[in-house]
Amino acid sequence: MEAPEDVSVREQLFHDRVRETIICVLLFICLYIVSYLVITHYKRNAEFTIDNSEDATVNKIALWLCTFTLSVSVGAVLLLPLSILSNEVLLSFPQSYYMQWLNGSLIHGLWNIVFLFSNLSLVFLLPFAYFFTESEGFAGSKKGVMARLYETAVVLFLLTLLVLGMVWVASAILDDNMARQSLYDLWEYYLPYLYSCISLFGVLLLLLCTPLGLSRMFSVTGRLLVKPRLLEDLDETMSCAEFEEASLSRNLTSKSHDITLGFSDTNSGFLFLPSEIRKRASPWQRNLGYPLAMLLLLAVTVVCVLIVCYHVVELLFDDTAMPRGMEDPLLGAASFSMFGSLGAAVQVILILYLMISSVVGFYSSPLFTGLRPRAQDTTLTQIIGNCVSLLVLSSALPVFSRTLGITRFDLLGDFGRFNWLGNFHIVFLYNILFAGLTSACLINTLTWTVQRELIRAFGLHKLPSTVSRSTIPLRLLLANGLSKIQ
């Protein structure tokens, strides 16, 4: 007969597991709803309102799988920020009754769930969604959803065998003992090695996209804010816009009255919108909002580069600076930042900022501009491609942040079992490349931005294209600027 203490401990463990399961389910439902709203905003409605009920059913199933994958991607992005914030909350309220649900077991479970669903989505669900939308059923079989399902299952099975065979050959070339073990234990050796390769690809993709995105963030933010124009007369700009619209309207009226109406409704707003926004903006918003935003972006980017440079020095003298896994997270024991809660908050901001920058850099790259989603005009194939890309980027974000030394929170679960994390040369070279590429992109962006704004401020952008602006003497530039001031 069991002792009462053992029964109470077992009941407490059962209650903890039930509570953690409920929290995970509620969190995933929230992420799924947000992901569904995002995908609904970008999907092309014509693909889901077609007369063919079979195609509509297939498209809806594929859309559900894409929504599930996007929710997993958002969860992967929030893993490190939630873990860091949970540790700081437990440090601030160690004996709070309302914080008992927040513990290391819950955080460890979230990491394992995200890792499992990332593998499931990347290896099975998204390929299934793509092949399902492209399938038509085997030749001679009865048409329908089931026929397309059978064809998709066969194609996916053959693709899985092909991918696993290629990974096994690669593992045999690198380590023959590991290849033999993977034949006997698929889950312990084969799948982690496969995901290690995928994670390495994601981290390399982040290395290319993040520096580009950090430089592009300045131009993206500049489009959303009202820029201050040095030495500019807003009344003169508005008058020019009015004259341009009147001239265009007269020209179109002479050709067709119908075209005039259509153009007047669309282009009138286009011509007046920037100037009207600038005129309605307060002087504080017009003259301080844009500079403060640019300075804030510059400060965050510089802090990222300085942290990476400091981490490079740490790698040379401190073995604990290497990224590694952690099996039993001791939350609430000590802060993961030397600056306490303030440093932890900065780490969370930097991690989210790097993720946003990597997405901006990914869609700004010439190789992936075709995947850029458009509101109400994104095909289902493009949605699947975007979900794959975002999942690869987001699932590599924890490893990316820990490798660069943005945070000292060690990787939990299977995220810390990647083979290349213990290689000093790979980690050291990765930090050097990131710091160098980010610095180069930042310097290039700042120099071109300053030059462009000076040219616009002094009115030199109105010069004919045959005149080279680089040959304009400095005294002419100053004279033009002084004449505007007077």
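In case you wondered, yes, glycine gets a Cβ from its N, Cα and C as well.
Lifted from TrEMBL, the feature list:
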TRANSMEM  20-40  transmembrane segment
TRANSMEM  61-86  transmembrane segment
TRANSMEM  106-132  transmembrane segment
TRANSMEM  153-173  transmembrane segment
TRANSMEM  193-214  transmembrane segment
TRANSMEM  288-313  transmembrane segment
TRANSMEM  333-363  transmembrane segment
TRANSMEM  383-404  transmembrane segment
TRANSMEM  424-446  transmembrane segment
**Asked** Restricting to the same chain and to residues at least six past its boundaries, which positions have a Cβ under 8 Å from a Cβ of the transmembrane segment (333-363)?
**Response** 77, 80-81, 84-85, 87-88, 91-92, 205-206, 208-214, 216-217, 220, 300, 303-304, 307, 369, 371-372, 389-390, 393-394, 397, 400-401, 406-409
**Prompt:** Do the transmembrane segment (288-313) and the transmembrane segment (424-446) share at least 3 Cβ pairs closer than 8 Å, excluding pairs fewer than 6 residues apart in sequence?
**Reply:** yes
**Message:** Pairs 6 or more apart in sequence, C-beta under 8 angstroms, 3 or more of them: is that satisfied by the transmembrane segment (424-446) and the transmembrane segment (153-173)?
**Reply:** no
**Asked** Which residues of the same chain, at least 6 past either end of the transmembrane segment (383-404), have a Cβ under 8 Å from a Cβ in it?
**Response** 39, 42-43, 62-63, 66, 69-70, 72-74, 76-77, 79-80, 114, 118, 121-122, 126, 129-130, 133, 198-199, 201-203, 205-206, 209-210, 307-308, 311, 323, 351, 354-355, 358-359, 362, 368, 371, 373, 410-411, 415, 418, 421, 427, 430-431, 434
**Item:** Proximity verdict for the transmembrane segment (193-214) and the transmembrane segment (61-86), three or more C-beta pairs under 8 Å
**Value:** no
**Item:** Winner by Cβ pairs under 8 Å against the transmembrane segment (153-173), considering only 20-40, 61-86, 106-132
**Value:** 106-132
**Asked** Restricting to the same chain and to residues at least six past its boundaries, which positions have a Cβ under 8 Å from a Cβ of the transmembrane segment (61-86)?
**Response** 27-28, 31-32, 34-36, 38-39, 43, 48, 102, 107, 110-111, 113-114, 117-118, 121, 125-126, 128-130, 132-133, 329, 331, 336, 344, 347-348, 351-352, 355, 380, 383-384, 387-388, 390-391, 393-395, 397-398, 401, 407, 409, 412
